[in-house]
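The structure under discussion appears below in the form of C-alpha coordinates.
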Amino acid sequence: MTVAPEGRKLLRLEVRNAETPIERKPPWIRVRARMGPEYTELKSLVRREGLHTVCEEAGCPNIFECWEDREATFLIGGDQCTRRCDFCQIDTGKPAELDRDEPRRVADSVRTMGLRYATVTGVARDDLPDGGAWLYAETVRAIKELNPSTGVELLIPDFNGRPDRLAEVFGSRPEVLAHNVETVPRIFKRIRPAFTYRRSLDVLTAAREAGLVTKSNLILGLGETPDEVRTALADLRGAGCDIITITQYLRPSARHHPVERWVKPEEFVEFARHAEELGFSGVLAGPLVRSSYRAGRLYRQTARARA
(Lines of atoms letter the chains of each structure in order from A and count residues from 1; the text may use other names and numbers.)
(Lines give C-alpha, C1' and ligand atoms only; values in the text may rest on other atoms or scores of the structure.)
Protein backbone atom coordinates (compact mmCIF):
# COMPACT_ATOMS: atom_id res chain seq x y z
CA MET A 1 0.00 0.00 0.00
CA THR A 2 1.64 3.29 -1.17
CA VAL A 3 -1.39 5.55 -1.73
CA ALA A 4 -3.97 6.69 0.83
CA PRO A 5 -7.71 6.36 0.03
CA GLU A 6 -7.92 10.12 -0.63
CA GLY A 7 -5.28 9.75 -3.37
CA ARG A 8 -2.19 11.22 -1.71
CA LYS A 9 1.11 9.39 -1.29
CA LEU A 10 1.47 7.65 2.07
CA LEU A 11 3.71 9.27 4.66
CA ARG A 12 6.73 7.28 5.82
CA LEU A 13 5.03 6.95 9.20
CA GLU A 14 1.95 5.45 7.55
CA VAL A 15 4.06 2.98 5.57
CA ARG A 16 5.72 1.93 8.82
CA ASN A 17 2.36 1.62 10.58
CA ALA A 18 1.06 -0.59 7.77
CA GLU A 19 3.79 -3.14 8.45
CA THR A 20 1.81 -4.13 11.57
CA PRO A 21 -1.37 -6.11 10.71
CA ILE A 22 -4.71 -4.96 12.09
CA GLU A 23 -5.08 -6.37 15.59
CA ARG A 24 -7.75 -8.87 16.66
CA LYS A 25 -10.11 -7.32 19.18
CA PRO A 26 -10.45 -8.95 22.62
CA PRO A 27 -13.77 -10.51 23.65
CA TRP A 28 -14.84 -7.55 25.80
CA ILE A 29 -14.92 -5.21 22.76
CA ARG A 30 -18.42 -6.15 21.64
CA VAL A 31 -21.43 -3.97 20.87
CA ARG A 32 -24.99 -5.02 21.64
CA ALA A 33 -27.55 -3.34 19.41
CA ARG A 34 -30.61 -2.28 21.40
CA MET A 35 -32.95 -0.51 19.00
CA GLY A 36 -35.53 1.30 21.11
CA PRO A 37 -38.41 3.43 19.79
CA GLU A 38 -36.49 6.75 19.88
CA TYR A 39 -33.56 5.23 17.97
CA THR A 40 -35.86 3.66 15.38
CA GLU A 41 -37.70 6.95 14.84
CA LEU A 42 -34.47 8.94 14.48
CA LYS A 43 -32.98 6.37 12.12
CA SER A 44 -35.92 6.59 9.73
CA LEU A 45 -36.04 10.39 9.99
CA VAL A 46 -32.32 10.75 9.20
CA ARG A 47 -32.68 8.50 6.17
CA ARG A 48 -35.83 10.26 4.97
CA GLU A 49 -34.39 13.78 5.33
CA GLY A 50 -30.90 12.92 4.07
CA LEU A 51 -29.22 14.19 7.26
CA HIS A 52 -25.57 13.52 8.12
CA THR A 53 -24.23 12.71 11.58
CA VAL A 54 -20.84 11.57 12.82
CA CYS A 55 -22.73 8.87 14.73
CA GLU A 56 -23.64 6.99 11.54
CA GLU A 57 -20.78 7.97 9.26
CA ALA A 58 -18.09 7.01 11.78
CA GLY A 59 -19.91 3.81 12.77
CA CYS A 60 -19.96 4.81 16.44
CA PRO A 61 -20.67 1.82 18.71
CA ASN A 62 -22.81 3.96 21.02
CA ILE A 63 -25.31 5.22 18.45
CA PHE A 64 -28.13 3.08 19.87
CA GLU A 65 -27.86 4.56 23.36
CA CYS A 66 -27.22 8.15 22.29
CA TRP A 67 -30.05 8.30 19.78
CA GLU A 68 -32.38 6.74 22.32
CA ASP A 69 -31.51 9.79 24.50
CA ARG A 70 -32.03 12.12 21.49
CA GLU A 71 -28.34 13.05 21.37
CA ALA A 72 -26.23 13.19 18.20
CA THR A 73 -22.90 14.54 16.90
CA PHE A 74 -22.22 16.64 13.80
CA LEU A 75 -18.95 17.20 11.92
CA ILE A 76 -18.39 20.67 10.44
CA GLY A 77 -15.75 22.19 8.18
CA GLY A 78 -15.71 19.44 5.56
CA ASP A 79 -14.10 16.01 5.40
CA GLN A 80 -10.46 17.06 4.91
CA CYS A 81 -8.34 18.12 7.90
CA THR A 82 -5.25 20.32 7.62
CA ARG A 83 -3.57 18.31 10.39
CA ARG A 84 -2.85 14.62 10.85
CA CYS A 85 -3.13 12.73 14.14
CA ASP A 86 -1.96 9.11 14.04
CA PHE A 87 -5.19 7.72 15.54
CA CYS A 88 -7.75 9.72 13.57
CA GLN A 89 -9.73 8.36 10.63
CA ILE A 90 -10.47 11.78 9.10
CA ASP A 91 -8.46 12.33 5.91
CA THR A 92 -5.66 14.89 5.74
CA GLY A 93 -5.60 17.17 2.73
CA LYS A 94 -6.66 20.49 1.24
CA PRO A 95 -10.17 21.33 2.47
CA ALA A 96 -12.94 22.66 0.27
CA GLU A 97 -13.94 26.32 0.40
CA LEU A 98 -15.63 27.47 3.59
CA ASP A 99 -19.35 26.68 3.46
CA ARG A 100 -20.97 29.64 5.21
CA ASP A 101 -24.41 28.03 5.04
CA GLU A 102 -23.31 24.98 7.04
CA PRO A 103 -24.25 26.40 10.49
CA ARG A 104 -27.84 26.94 9.33
CA ARG A 105 -28.08 23.42 7.93
CA VAL A 106 -26.74 21.87 11.13
CA ALA A 107 -29.23 23.90 13.17
CA ASP A 108 -32.02 22.72 10.87
CA SER A 109 -30.91 19.11 11.34
CA VAL A 110 -30.94 19.52 15.13
CA ARG A 111 -34.50 20.85 14.94
CA THR A 112 -35.66 18.18 12.49
CA MET A 113 -34.22 15.42 14.69
CA GLY A 114 -35.74 16.93 17.83
CA LEU A 115 -32.44 16.63 19.71
CA ARG A 116 -32.18 17.36 23.40
CA TYR A 117 -28.39 17.67 23.20
CA ALA A 118 -26.13 18.18 20.18
CA THR A 119 -22.37 17.77 19.99
CA VAL A 120 -20.54 19.67 17.25
CA THR A 121 -17.00 18.81 16.25
CA GLY A 122 -14.98 19.51 13.15
CA VAL A 123 -11.74 19.41 11.27
CA ALA A 124 -8.80 21.77 11.78
CA ARG A 125 -8.95 24.57 9.19
CA ASP A 126 -5.49 26.13 9.31
CA ASP A 127 -6.11 27.22 5.70
CA LEU A 128 -8.60 29.88 6.85
CA PRO A 129 -7.54 33.33 8.15
CA ASP A 130 -9.29 32.71 11.48
CA GLY A 131 -8.53 28.97 11.63
CA GLY A 132 -12.25 28.25 11.37
CA ALA A 133 -13.19 30.05 14.61
CA TRP A 134 -16.18 31.82 13.02
CA LEU A 135 -17.56 28.54 11.67
CA TYR A 136 -17.42 26.83 15.07
CA ALA A 137 -18.93 29.82 16.88
CA GLU A 138 -21.61 30.49 14.27
CA THR A 139 -22.74 26.85 14.35
CA VAL A 140 -23.36 27.11 18.09
CA ARG A 141 -25.18 30.43 17.64
CA ALA A 142 -27.36 29.02 14.86
CA ILE A 143 -28.30 25.92 16.87
CA LYS A 144 -29.20 28.00 19.92
CA GLU A 145 -31.27 30.47 17.92
CA LEU A 146 -33.34 27.75 16.26
CA ASN A 147 -33.34 25.29 19.19
CA PRO A 148 -33.29 27.30 22.44
CA SER A 149 -33.97 24.27 24.64
CA THR A 150 -31.21 22.09 23.10
CA GLY A 151 -27.89 21.80 24.90
CA VAL A 152 -24.79 22.27 22.73
CA GLU A 153 -21.35 20.77 23.27
CA LEU A 154 -18.53 22.12 21.09
CA LEU A 155 -15.38 20.05 20.53
CA ILE A 156 -12.68 22.32 19.10
CA PRO A 157 -9.11 22.17 17.77
CA ASP A 158 -6.61 24.46 19.52
CA PHE A 159 -6.76 27.37 17.01
CA ASN A 160 -3.00 27.59 17.62
CA GLY A 161 -3.80 29.02 21.04
CA ARG A 162 -4.69 32.41 19.53
CA PRO A 163 -6.66 34.43 22.15
CA ASP A 164 -8.75 36.25 19.52
CA ARG A 165 -9.88 32.99 17.92
CA LEU A 166 -10.61 31.36 21.26
CA ALA A 167 -12.58 34.44 22.38
CA GLU A 168 -14.76 34.20 19.26
CA VAL A 169 -15.55 30.56 20.03
CA PHE A 170 -16.02 31.00 23.79
CA GLY A 171 -18.39 33.92 23.11
CA SER A 172 -20.90 31.57 21.47
CA ARG A 173 -21.45 30.09 24.96
CA PRO A 174 -21.85 26.36 24.36
CA GLU A 175 -23.01 24.40 27.39
CA VAL A 176 -19.71 22.48 27.24
CA LEU A 177 -16.42 23.49 25.60
CA ALA A 178 -14.37 20.38 24.82
CA HIS A 179 -10.78 20.12 23.66
CA ASN A 180 -9.26 16.66 23.64
CA VAL A 181 -5.69 16.17 24.84
CA GLU A 182 -5.96 12.50 23.76
CA THR A 183 -2.58 11.21 24.99
CA VAL A 184 0.30 11.68 27.44
CA PRO A 185 3.30 14.04 27.12
CA ARG A 186 5.98 11.42 26.33
CA ILE A 187 4.31 10.25 23.11
CA PHE A 188 2.25 13.37 22.36
CA LYS A 189 4.46 14.76 19.59
CA ARG A 190 4.54 11.42 17.79
CA ILE A 191 0.77 10.96 17.97
CA ARG A 192 -0.34 14.60 17.49
CA PRO A 193 2.55 16.40 15.74
CA ALA A 194 0.60 19.57 14.89
CA PHE A 195 -0.50 20.12 18.52
CA THR A 196 1.36 20.60 21.79
CA TYR A 197 0.41 19.14 25.17
CA ARG A 198 0.92 22.42 27.01
CA ARG A 199 -1.11 24.44 24.52
CA SER A 200 -4.00 21.97 24.77
CA LEU A 201 -4.02 22.37 28.55
CA ASP A 202 -3.90 26.15 28.12
CA VAL A 203 -6.99 26.05 25.86
CA LEU A 204 -8.93 24.26 28.60
CA THR A 205 -7.71 26.74 31.22
CA ALA A 206 -8.78 29.68 29.05
CA ALA A 207 -12.23 28.14 28.54
CA ARG A 208 -12.64 27.58 32.27
CA GLU A 209 -11.59 31.18 32.99
CA ALA A 210 -14.25 32.29 30.48
CA GLY A 211 -16.85 30.58 32.68
CA LEU A 212 -17.46 27.54 30.49
CA VAL A 213 -17.86 23.91 31.54
CA THR A 214 -14.77 22.16 30.15
CA LYS A 215 -14.19 18.64 28.90
CA SER A 216 -11.37 16.49 27.51
CA ASN A 217 -10.59 12.93 26.47
CA LEU A 218 -7.74 10.43 26.85
CA ILE A 219 -7.26 7.54 24.41
CA LEU A 220 -5.54 4.47 25.87
CA GLY A 221 -3.59 1.86 23.94
CA LEU A 222 -1.25 4.24 22.09
CA GLY A 223 1.84 3.32 24.12
CA GLU A 224 1.26 5.17 27.40
CA THR A 225 1.82 3.63 30.86
CA PRO A 226 -0.75 3.58 33.69
CA ASP A 227 1.34 6.05 35.70
CA GLU A 228 1.42 8.40 32.73
CA VAL A 229 -2.37 8.21 32.48
CA ARG A 230 -2.70 9.19 36.13
CA THR A 231 -0.28 12.08 35.64
CA ALA A 232 -2.19 13.30 32.57
CA LEU A 233 -5.45 13.17 34.54
CA ALA A 234 -3.86 15.31 37.26
CA ASP A 235 -2.60 17.76 34.61
CA LEU A 236 -6.06 18.04 33.10
CA ARG A 237 -7.75 18.60 36.43
CA GLY A 238 -5.10 21.18 37.32
CA ALA A 239 -5.82 22.97 34.04
CA GLY A 240 -9.47 23.36 35.04
CA CYS A 241 -11.03 20.45 33.17
CA ASP A 242 -14.47 19.52 34.60
CA ILE A 243 -15.38 16.42 32.56
CA ILE A 244 -13.15 13.57 31.37
CA THR A 245 -13.79 10.58 29.15
CA ILE A 246 -11.26 7.75 28.90
CA THR A 247 -11.40 5.43 25.90
CA GLN A 248 -9.74 2.45 24.20
CA TYR A 249 -7.94 3.16 20.93
CA LEU A 250 -9.46 1.25 18.02
CA ARG A 251 -7.27 1.40 14.92
CA PRO A 252 -9.19 2.84 11.92
CA SER A 253 -6.92 1.29 9.26
CA ALA A 254 -3.51 -0.31 8.72
CA ARG A 255 -1.94 3.10 8.02
CA HIS A 256 -2.83 4.33 11.50
CA HIS A 257 -0.88 3.80 14.72
CA PRO A 258 -0.92 0.14 15.84
CA VAL A 259 -2.78 -0.75 19.04
CA GLU A 260 -0.06 -1.07 21.68
CA ARG A 261 -2.31 -2.84 24.19
CA TRP A 262 -5.91 -3.66 25.01
CA VAL A 263 -6.83 -2.04 28.30
CA LYS A 264 -8.96 -4.36 30.43
CA PRO A 265 -12.37 -3.21 31.70
CA GLU A 266 -11.22 -3.35 35.32
CA GLU A 267 -8.40 -0.92 34.51
CA PHE A 268 -10.93 1.57 33.18
CA VAL A 269 -12.84 1.26 36.46
CA GLU A 270 -9.65 2.09 38.36
CA PHE A 271 -8.85 5.09 36.14
CA ALA A 272 -12.42 6.38 36.59
CA ARG A 273 -12.09 6.06 40.35
CA HIS A 274 -8.81 7.97 40.26
CA ALA A 275 -10.36 10.74 38.13
CA GLU A 276 -13.23 11.12 40.59
CA GLU A 277 -10.75 11.36 43.46
CA LEU A 278 -8.96 14.16 41.59
CA GLY A 279 -12.22 16.12 41.54
CA PHE A 280 -13.60 15.73 38.02
CA SER A 281 -17.36 16.34 38.24
CA GLY A 282 -18.15 14.11 35.25
CA VAL A 283 -16.28 10.89 34.45
CA LEU A 284 -16.88 8.11 31.92
CA ALA A 285 -14.28 5.42 31.22
CA GLY A 286 -14.54 2.20 29.26
CA PRO A 287 -13.40 0.31 26.15
CA LEU A 288 -16.28 1.59 24.00
CA VAL A 289 -16.69 5.02 25.56
CA ARG A 290 -16.22 7.87 23.08
CA SER A 291 -15.78 11.55 23.89
CA SER A 292 -19.39 12.42 22.99
CA TYR A 293 -20.88 9.33 24.69
CA ARG A 294 -23.72 10.27 27.06
CA ALA A 295 -22.59 13.86 26.66
CA GLY A 296 -25.88 15.36 27.78
CA ARG A 297 -25.97 13.26 30.94
CA LEU A 298 -22.41 14.22 31.83
CA TYR A 299 -23.18 17.90 31.32
CA ARG A 300 -26.27 17.78 33.53
CA GLN A 301 -24.29 15.93 36.20
CA THR A 302 -21.59 18.60 36.09
CA ALA A 303 -24.08 21.47 36.09
CA ARG A 304 -25.66 20.07 39.26
CA ALA A 305 -22.24 19.76 40.90
CA ARG A 306 -21.42 23.40 40.07
CA ALA A 307 -24.81 24.77 41.17
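Yeah, the Cβs are placed from backbone N, Cα and C, and that goes for glycine too.
For reference, Swiss-Prot has these:
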BINDING   CYS55, CYS60, CYS66, SER292  [4Fe-4S] cluster 1 binding site
DOMAIN    67-281  domain 'Radical SAM core'
BINDING   CYS81, CYS85, CYS88  [4Fe-4S] cluster 2 binding site
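Mapped onto this structure are the features recorded in Swiss-Prot.
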residue : record                          : contacts (Cβ under 8 Å, 6+ apart)
CYS55   : [4Fe-4S] cluster 1 binding site : ILE63, CYS66, TRP67, ALA72, THR73
CYS60   : [4Fe-4S] cluster 1 binding site : VAL54, CYS66, THR73, ARG290
CYS81   : [4Fe-4S] cluster 2 binding site : CYS88, ILE90, ASP91, THR92, GLY93, PRO95, VAL123, ALA124
CYS85   : [4Fe-4S] cluster 2 binding site : GLU182, ILE191, ARG192, ALA194, PHE195
SER292  : [4Fe-4S] cluster 1 binding site : VAL54, CYS66, GLU71, THR73, THR119, THR121, GLU153, LEU155
Can you tell which of CYS66, CYS88 has the most other C-beta atoms within 10 Å, given these are the binding-site residues? CYS66
Enumerate the residues of the same chain, CYS81, CYS85, CYS88 excluded, that satisfy the criterion Cβ within 8 A of the mean position of the Cβ atoms of the recorded [4Fe-4S] cluster 2 site; list them in sequence order. ARG83, ARG84, PHE87, GLN89, ILE90, THR92, VAL123, ALA124
DSSP output for CYS81 ([4Fe-4S] cluster 2 binding site) maps to strand
Kindly state the mean pLDDT of the domain 'Radical SAM core' (67-281) in the predicted structure. 96
